[in-house]
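Trainee: Below are the structure tokens for one structure; questions will follow.
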Amino acid sequence: MADTTTPSRGFTLFPRLSGAAVAGILIAIFLMAFLVLPVAQVIYVAFLDARTGVFTLQNFQDFFNTTLFRESFANSFYVSAMSVVLATLIALPLAYITTRFNFAGTAAIQALGIIPLIMPPFVGAVAMSLLFGRNGSINLLLNQHFGFRIPFMEGLNGVILVQSIHYFPFILINLSASLRNIDRSMEEAAQNLGSHGIRMFRRIVFPLAMPGYLAGAALVFIKVFDDLGTPLLLNVNNMLAPQAYLRITGVGINDPMGYVISFILVAFSVFSLWASFLFMRGKDYATVQKGGGGLSRRDLKPREKWLAWGVILLILAMVLSPHIGLLLLAFGTIWSFSPLPDGFTLQHFGTIFTQSSQYVWNTLIYAGSAAVIDVILGTAIAYIVIRTGLPGRKWLDYMATAALAVPGVVLGIGYLRMFHGIQLPFGLGQMSSFWGIIIVALAVRRLPYALRACMAALQQVSLSLEEAAESLGASRSSTIRRIVVPLMTGGILAGFVTSFATAAVELSATIMLVGRSSDAPLAYGIYLYMQSPAGRGPGAALGILAVVIVALGSYLSQRIIERERARQAMTADRP
Amino acid sequence: MTLTKAGIRIEDLHLSFGETKVLEGIDMVIEPGEFFAFLGPSGSGKSTLLRAIAGFGPTPRGRILIGDRDIAALPPWKRNVGMVFQSYALWPHMSVRRNVAFGLEERRMPAREIGPRVEQALETVGLLHLADRMPAQLSGGQQQRVALARTIAIEPQVLLLDEPLSNLDAALRVQMRRELLALQRKLGLTTIFVTHDQEEANTTSDRMAVLDRGVIQQIGTPQQLYDHPENAFVAGFLGTANILKGAMQGADFVTEAGQRLPVAPAAAPAAAPAADVNRIVLRPQNIRIAASGGDIMGTVAHREFLGSQIRYLVDTPDGQIIVDTLHSSGPPPYDEGAAVSLSIDSQSAPLLAD
């Protein structure tokens, strides 16, 4: 890290190390202002008496004395836990089939692991109630032919069904990865000592896959616990996140209950992450040896093969149902009390392009700007953390990553509270309702994704490449500009696309920050349309657009990552 | 701990991975209580053969008998064959004690008998004091011993060791192979040891089988194989060998370049007639180097100082020959470029007919 300035290079305003330090300080200020302080403020207000401003636990007492809040708390917990259970029931057979057997349907299962993620759960929620609701297609047919209905979507059931179908891939991906990381000898040693079959799976294989399963399950739990969009669209209001939203938007910014709920949401997120971290510590069970394969796979017997295909097709049908429902809704004319829409039309797309194109443009601008901010911050933080000796640099990483544990509702409430009443110059109005603040919220929420991509990219750039440039006389800033950033392009691009695609369908923070409907993004537009039966068609058409954006984004980032990997593999021979 | 001694008999064993033949016509008899090594380069099929005895991998054709029982059709968990894996395969989610108890629990042994058996097995490998550690808290050598204890706890009829020393560092490897041998002697357990390292095989095993490309090349004691290799592969794989081509003329071996070398009658391969002899094996330390008066004339092309020995690479009409001489002190007698004469020890120059 010696500062060997070459005098011949152009002037620099700051000495090199200061350049990184200045960037670090600016990023720290940004994260303090738009993440740490708003969240801290929310937590702080939860402990203040609304009228006198003194410290109190009264708000929590009020919260637990109110039947509705107690019920919401129990419901949120119940829905999250049941979603984990249902998601496990879906993911476990899929993970087991792909890792233990030679099975032709493995590609179908891999697709199963991606399809749900490209549709934000709240988009599919309404379509799901048209398919599975009390008077939805399935129940109409059941009632017609068998004379009974199944309450798939009644109240909390609906939230559980929609969430578990959307989030089971987190368990599938983590569980399959852990199963694949178990060395064959682990299983062979057990067989050698006299164990086999289900008993061996229970005693050896599943315990070894446990860390992966728990990581996935904790993620599902938190995501469901924090989610606002799905319960709102299914009109289930007696859960925590909807209550927080309704209190703040209905009762007002000073109502302490919104803050108490926010505190509970954050505390639960942090607690779940901390608990899973504690459990996982020292339990890296990845045991695959060099040259050794994962668990041995065997061929399926014909009857087992039919069974496997049956399970997969059933799950596939479930997983695709929001997509199918959304398509029917978007292209259908009237769809009510009948298994299928009465007719098909392109009219809804016409409606949204003539009336609602501002949603699309707003989304492109918001998500695009947020993603640009994310990759700039992500690249800078990655460089500071990995390549400089700046004191406290790890905290930049911790702060940025902490955004993962902050539910969108909480960030939204924090912004409302903090920027309420701050007048912006140039006639931009109040800061808390200024459209720019939506961009900042999106950028903060998606920064962890972009940061991870940038970190990974920088870690693959060998330090010797930079040293070579410096030994040839390039200054630090010139090395970053001409060597480091170009080599990180793939990772930065992947980070941009991921941030963009997920920001484009973000609802929970934006729903609180949208000042006027003309400033609203796609997700908010879908929410508005879906409020009325007449708006469902255009809402679904907007939903299709959202799915296309996310699918294209996921596909692009996948392509970029694969291309990078191929490029890395070509140059990986060097140490 | 007393274990029943059982011999192993393998008859006409064939095994293939799809189209690729990995083992062909394996026949061998391993005596009860014997320490037997499978030695061969990677890809020779030695590990596949060991795994076939344990019941892993594709089902082979042929018979594998332990004692009088043909186990070839049994699943691994019914064979009562103990295997120590190259990676040790200790389960990271169980303590040392639970790892060792596992096999006994699977045999539905009453809990009050399991405790003492586990402690006895750990005592045998000298690790009783670490019984409540997790595997990740142990060194490589300790993990190896736990793996051994876990295997001997079930009192198997046969102990299989798959490259057990390859994950240890050099100093520990020498110590562990002595401990392994001592343990095997104490238990009297029929043991098969797979290795690609001839030194490991030589120092531990009573007898060994050298494998190459799925075929047994030769079976015998380490010294038999070194002194009387039956083919060029065995001669070259066990130690360094100069192999010269030629043919018998009367009682002498004449090389392709026409050098006449006296050989002892005992050097000829037992099975083959003298007319088939086509190669002679000259060990570097069995060749004497002098300024003149030997059997083969040559020039020193290169000299290496190896500490206890000095190695000369000598250019001769029959190609380059490696000669080792003992070093005590003083400057080496022959410089590069010096004309020298090599003579062979007729008693220790085996002939090959392959």
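Any Cβ shown, glycine's included, is placed from N, Cα and C.
Taken from TrEMBL, the feature transmembrane segment covers A:21-47, A:77-97, A:109-132, A:152-175, A:204-225, A:259-280, A:306-335, A:364-386, A:398-416, A:422-444, A:483-505, A:539-557. Here TrEMBL flags A:73-272, A:360-557 as domain 'ABC transmembrane type-1'.
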Trainee: Near the transmembrane segment (A:109-132), which residues from the same chain, at least 6 beyond its ends, have a CB less than 8 A from one of its CBs?
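Mentor: The answer is 94, 97-98, 138-139, 152-153, 158, 161-163, 165-169, 172-173, 176, 227, 229-230, 232-234, 312, 315-316, 319-326, 328-329, 335, 505, 507, 523, 526-527, 530, 536, 539-540, 543, 546-547, 550-551, 554.
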Trainee: Taking A:21-47, A:204-225, A:306-335, A:539-557 as candidates, which has the most Cβ pairs under 8 Å with the transmembrane segment (A:77-97)?
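Mentor: Ranking A:21-47, A:204-225, A:306-335, A:539-557 by Cβ pairs under 8 Å to the transmembrane segment (A:77-97) puts A:204-225 first.
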Trainee: Taking pairs 6 or more apart in sequence, does the count of Cβ pairs under 8 Å between the transmembrane segment (A:152-175) and the transmembrane segment (A:306-335) hit 3 or more?
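Mentor: By the criterion, they touch.
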Trainee: Return the stretch with the most CB pairs under 8 A relative to the transmembrane segment (A:398-416), choosing among A:21-47, A:259-280, A:306-335, A:539-557.
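Mentor: Answer is A:21-47, with the largest number of Cβ pairs below 8 Å.
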